[in-house]
Amino acid sequence: MNQKNKVYVLGSINVDMSISVDKIPLEGETKSGHEFIKNIGGKGANQAVSAAKLGAKTYLIAAVGKDIFGKEALISIEKNGVDTRYVSLADSHTGMAFITRTNRDNRIILHEGANHKIEQDKVLEAVQGNPGDILVSQYEIPYEIVKSAFKKAKSLNMITILNPAPSRYLEEDIYPYVDYIILNQTECEILSGVYPTHEQDVKKAASYLFKKGITRLIVTMGSKGSVYMSKDELYESKAYKIKTVDTTGAGDAYIGAFAYGLAMHEPITTCLKIASAAGAYACLKEGVEDAMGTYSDIEKLMEESK
């Protein structure tokens, strides 16, 4: 595929400390873990790596601390093809994430660190895309910075994708600047009151969110696939049947791949297929960024699943 538009990802960089268990511990329970992994992560970094590994020219707008973790993070992210010229150094430690995972699920606790020291003027200076370029963001950095970046992006006729995670209520003043909102099941329930398990549930959630001002909704439902809805269209993308090893980076892989598809000027149905395949591929082995596939990896999975 020929390069069409660029992808800008505004978001977090974390160092992930991850341990696997047979079952997530209950409150007050202590369990023995199996495999400890230290990864570079954060939703911003992960989504940028996903888009870059597929072949999009990708810029990350973020902040790290002036510590060894920040240096390690930049080396890792750059190794995966992401342009980090817009990553600034903050007077704080690099963000951290503590992950407990099984082969089917995970629980994550964040400490924001430098992610909440990112400066708005530097962010707005970095958002300088051309019409049709993509801006992706999440809620692991301050909301007001996300909103101001989206407002500038729309003034430049960029395409915006919001992944409102960690989950929170969605402030309505960002609605005019959001082209696509991508939610998992938990996020969908928090924002709409509907926990979706099939297409009809997504329709109910969409009905509520469209009244609030959202125009294009994507809901990911793990093994049950994903659904895209606008006021005029509805498309379903089935999940790939795989042997799941680690789901930690699947959602971020999906979002980065969807942004890649838009940057390549692919139709929505193709964007959804690429995103679903990228999310599935990221579940095939331990880790996050290293588990994300190149376009040839994703293409092979799509061909094998026909």
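A Cβ is built for glycine as well, from the same backbone N, Cα and C atoms used for every other residue.
Features of the protein shown, as given by TrEMBL:
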- Asp252: active site, proton acceptor (ACT_SITE)
- Asn14, Val15, Asp16, Gly42, Lys43, Gly44, Ala45, Asn46, Glu140, Asp252: substrate binding site (BINDING)
- Asn184, Thr220, Met221, Gly222, Ser223, Lys224, Gly225, Gly251, Asp252: ATP binding site (BINDING)
- Asp246, Thr248, Ala282, Lys285, Gly287: K(+) binding site (BINDING)
- 5-290: domain 'Carbohydrate kinase PfkB' (DOMAIN)
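Sequence features, as recorded in TrEMBL, placed on the structure.
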| residue | record | CB count, 10 Å |
| --- | --- | --- |
| Asn14 | substrate binding site | 32 |
| Asp16 | substrate binding site | 24 |
| Lys43 | substrate binding site | 29 |
| Ala45 | substrate binding site | 34 |
| Glu140 | substrate binding site | 24 |
| Asp246 | K(+) binding site | 24 |
| Asp252 | active site, proton acceptor | 31 |
| Ala282 | K(+) binding site | 31 |
| Lys285 | K(+) binding site | 10 |
| Gly287 | K(+) binding site | 19 |
Site of maximum Cβ density within 10 Å, from binding-site residues Asn184, Met221, Ser223, Thr248: Thr248
Other same-chain residues whose Cβ falls within 8 Å of the Cβ centroid of Asp246, Thr248, Ala282, Lys285, Gly287, the recorded K(+) site, in sequence order: Val245, Thr247, Gly249, Ala250, Cys283, Leu284, Glu286, Val288, Asp290, Ala291
Largest CA-to-CA spread of substrate binders Asn14, Val15, Asp16, Gly42, Lys43, Gly44, Ala45, Asn46, Glu140, Asp252, angstrom: 15
Cα within 10 Å of Lys43 (substrate binding site) - qualifying recorded positions among Met221, Asp252, Gly287: Asp252
Per DSSP, three-state class assigned to the residue listed as 'active site, proton acceptor': helix
Neighbour tally for Gly225 (ATP binding site), based on other Cβ positions within 10 Å of its Cβ: 18
The residue listed as 'active site, proton acceptor' versus Met221 (ATP binding site) - Cα distance in angstrom: 13
Cα-proximity to the residue listed as 'active site, proton acceptor', 10 Å cut-off, over binding-site residues Asp16, Asp246, Ala282, Lys285, Gly287: Ala282
Integer mean pLDDT for the domain 'Carbohydrate kinase PfkB' (5-290): 94
Residue among binding-site residues Gly225, Asp246, Ala282 with Cα closest to the Cα of Asp16 (substrate binding site): Asp246
Listed in sequence order, residues not in Asn14, Val15, Asp16, Gly42, Lys43, Gly44, Ala45, Asn46, Glu140, Asp252 with Cβ within 8 Å of the centre of the substrate site Cβ atoms: Gly11, Ser12, Ile13, Ile40, Gly41, Gly95, Ala97, Val288
Integer Cα-Cα distance in angstrom, Glu140 (substrate binding site) to Asn184 (ATP binding site): 16
Between Asn184 (ATP binding site) and Ala45 (substrate binding site), the C-alpha gap once rounded to whole angstrom: 19
Gly225 (ATP binding site) to Asn14 (substrate binding site) - Cα separation in whole Å: 28
